[in-house]
Amino acid sequence: MAQTQQVKDLAAARAKSTFPVIDLTRYIHGSDDKIARRRQLASLISNDPVFSNDTRVGLSRVQDVKQGLAMSLRLYQLKEEHNLTHEEMLTCMDFIDELLPVGLHETAFIPIIYAQGSDEQAKYWGPLADKHQIIGCYAQTELGHGSNLSQLETTATLDRDTDQWIIHSTTFTASKWWIGGLGAICTHALIQARLIIDGKDYGAHGFIVPIRSLKDHRPFPGVKVGDIGPKSYGGFSKIDNGFVRFENYPIPRENMLMRFAKVTRDGQYIKPPHSKLAYGSMVLLRSHMVRGAGMTLARAATIATRYTTVRRQFNVPTSRKDTANPALETQVINYPMVQSRLFPIIAQSYAMLAAGNKMRSMYESMLSELMQGDISSLAEVHAISSGLKSTCTTFAATGVEDCRKIMGGHGYSYFSGISHLWSTYVPSNTYEGDNFLLTQQSARYLLKQIKVATTDPEKVTPFSKYVIKTIDQEAFQAERCSVETVNDWLRPEVQLAAFEHRAGRLVGDLAIAAMQPGMVWSDLNLECWRLCHAHSQYVLARSVVEGVAGVRDQGVAKETVRVLKRLSDLFALHTIQASLGDYLEDYYVSPAQCQSLRQQIKNLQDALADDVVGLVDAFDFPDHYLNSALGAADGNAYQHLWDAAQREPINQVEVVDGYKEYIVPILNQHGAAKL
């Protein structure tokens with residue numbers, strides 16, 4: 001069969017790449033051995049009929065959950081059959097591309113047991129969970145409370161006589177709600193409840209709570225548990241988000257996680273060395289979400305880049321017109337308006353992956369320190385993870401939808417691969433901390449860093465050093481952007497200085513506003529939001545700048561360093577441009593510098609045009625995972641879209657089911673037409 005024009009177009013675009021794509025694949029996924037293993041795991045999933053993409057759509061709620069359970073079972077079978085490590089199994093879960101009933105068991109329940117359980121608890125519960133002899137979930141959110149951990153209504157009251165905790169849902173709204181895995185599969189839940197001893201409330205703590213019998217899976221007396229029903233947009237269809245309500249339900253005292261806070265047999269409460277240690281579980285989940293946001297956006301960018309490369313519309317002259325084939329219409333990706341929307345999304349993906357690597361490194365270092373009783377890094381890691389969770393998931397959800405729009409009408413088809421991706425991802429803006437409320441945590445932390453800067457500047461944490469400059473307000477307010485020529489915008493020190501100045505001014509403004517007479521914290525929510533995103537964008541920009549330096553130090557091809565540097569520049573300058581109002585408020589940037597900034601962004605987009613297909617190929621997404629007729633690696637978009645439609649059940653018969661019952665009566669309502 002002759003190659004279609006679309007296949008030729010994508011192949012030609014690949015041939016234009018100026019750098020070895022494998023270099024950036026290594027940057028994203030690691031060594032050649034890791035890349036090869038990742039591809040083996042992808043093949044393991046794509047070749048298994050249980051994970052077929054063709055059987056996932058058009059199911060009832062009951063069928064969806066049952067399919068999720070079947071996928072969970074097959075995943076664990078593959079783990080045993082192929083002796084997969086925990087990390088490899090998580091990679092397989094990613095390639096399945098569904099949130100499964102066992103998802104929180106693997107990503108929250110098990111890690112939290114090892115991180116927050118005592119050595120004895122980890123030794124007892126850990127192997128049971130590792131071998132999935134018990135299946136757990138993480139239950140914090142309630143019907144009436146989500147983000148406000150201190151006001152959760154579920155209580156755990158110590159009964160000294162029986163040496164038990166009495167778990168109780170004190171009100172109807174105390175019911176745990178939205179908990180993944182709780183609706184159908186979980187036998188245990190890691191419950192966040194307010195710890196009460198002799199009437200004194202010690203705040204939220206974690207408890208391992210049995211939910212269903214291991215003999216027959218029936219809920220225990222005192223436990224009302226079930227599924228909360230279907231979710232918006234068809235997302236989360238395979239996962240059994242559930243509820244649970246407790247009625248004076250007893251569990252052993254030893255089921256309280258006791259690595260940090262402890263309660264002795266005689267009822268003595270031993271407080272943890274730091275009041276925020278209970279937030280460790282949220283830090284873990286949020287640190288995973290940063291890289292997850294980058295990979296999600298990368299998927300959408302891959303689909304949109306490949307499709308706009310093969311899509312041709314209008315025979316309009318552009319600076320990148322295909323002069324070898326003047327009769328052909330213009331490739332959509334060559335229109336500057338498309339480039340200005342799509343290329344920054346690719347840059348954002350790389351920036352978030354760089355920040356995800358940084359976040360993981362910081363979390364692992366913090367966890368090691370916590371195990372030794374050192375809490376010095378907890379506050380900064382918690383603040384950065386909160387801010388990045390908010391900023392990155394916002395970028396990703398918005399970017400996925402922008403990719404759909406870039407793709408035009410076909411982007412709205414389920415077969416584009418975008419709609420499923422978006423409906424599954426968009427809840428991330430709410431779970432694990434609402435993206436707007438979460439910004440207050442980073443803002444509070446930065447205010448505390450200003451106080452530290454005034455008394456002991458050496459103790460200001462690494463990503464907050466810029467607040468030191470704000471102490472001398474006269475000098476700080478006199479700061480101006482040093483850009484004189486268009487190319488000055490390409491200097492990393494200029495870019496980072498701009499991010500630091502913006503965040504520094506906003507934290508200073510917040511500090512001044514907070515000290516005004518009669519001011520209450522809730523009146524400053526907008527200021528917190530602006531500051532948090534300014535700080536998080538600085539962390540992102542700094543992470544990708546350091547990522548470029550790391551690649552350069554590894555001695556990879558100079559062409560790879562050059563293209564990664566262009567991505568870093570585009571991310572920084574596009575982000576600055578999107579917030580120019582902040583820079584103009586205090587005259588840090590001049591009107592002439594604004595103009596040169598826009599020109600440099602155009603220059604970067606033009607310089608990256610030949611490399612964008614290679615840049616998305618470097619993400620190394622297999623076709624089964626993309627599940628996109630329009631973004632397949634071979635570029636044969638129209639043929640794939642046609643074939644997908646032909647496989648639809650409604651097209652398997654010549655006359656649609658319902659013809660006699662409904663269509664005939666409609667046509668004959670006023671008598672049969674005589675044509």
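Note that Cβ sites are derived from N, Cα and C of the backbone, with glycine treated the same way.
These features come from TrEMBL:
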ACT_SITE  GLU432  active site, proton acceptor
BINDING   THR141, GLY180  FAD binding site
DOMAIN    22-135  domain 'Acyl-coenzyme A oxidase N-terminal'
DOMAIN    137-231  domain 'Acyl-CoA oxidase/dehydrogenase middle'
DOMAIN    279-447  domain 'Acyl-CoA oxidase C-alpha1'
DOMAIN    492-668  domain 'Acyl-CoA oxidase C-terminal'
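Taking pairs at least six residues apart, the domain 'Acyl-CoA oxidase C-terminal' (492-668) and the domain 'Acyl-coenzyme A oxidase N-terminal' (22-135) share three or more Cβ pairs below 8 Å and count as touching.
On its own chain, THR141 (FAD binding site) has LYS176, TRP177, TRP178, ILE179, TYR431 as residues at least 6 apart in sequence with a Cβ closer than 8 Å to its own Cβ. For the pair the residue listed as 'active site, proton acceptor' and GLY180 (FAD binding site), the C-alpha distance works out to 12 angstrom.
When averaged over the domain 'Acyl-CoA oxidase/dehydrogenase middle' (137-231), pLDDT in the model lands at 95. Within the same chain, residues at least six positions away from GLY180 (FAD binding site) with a Cβ under 8 Å of its Cβ are LEU99, PRO101, GLY103, LEU104, CYS137, PHE236, ILE239, ASP240, ASN241, GLY242. Neighbour count (other Cβ atoms within 10 Å of the Cβ, all protein chains): 26 for GLU432 (active site, proton acceptor).
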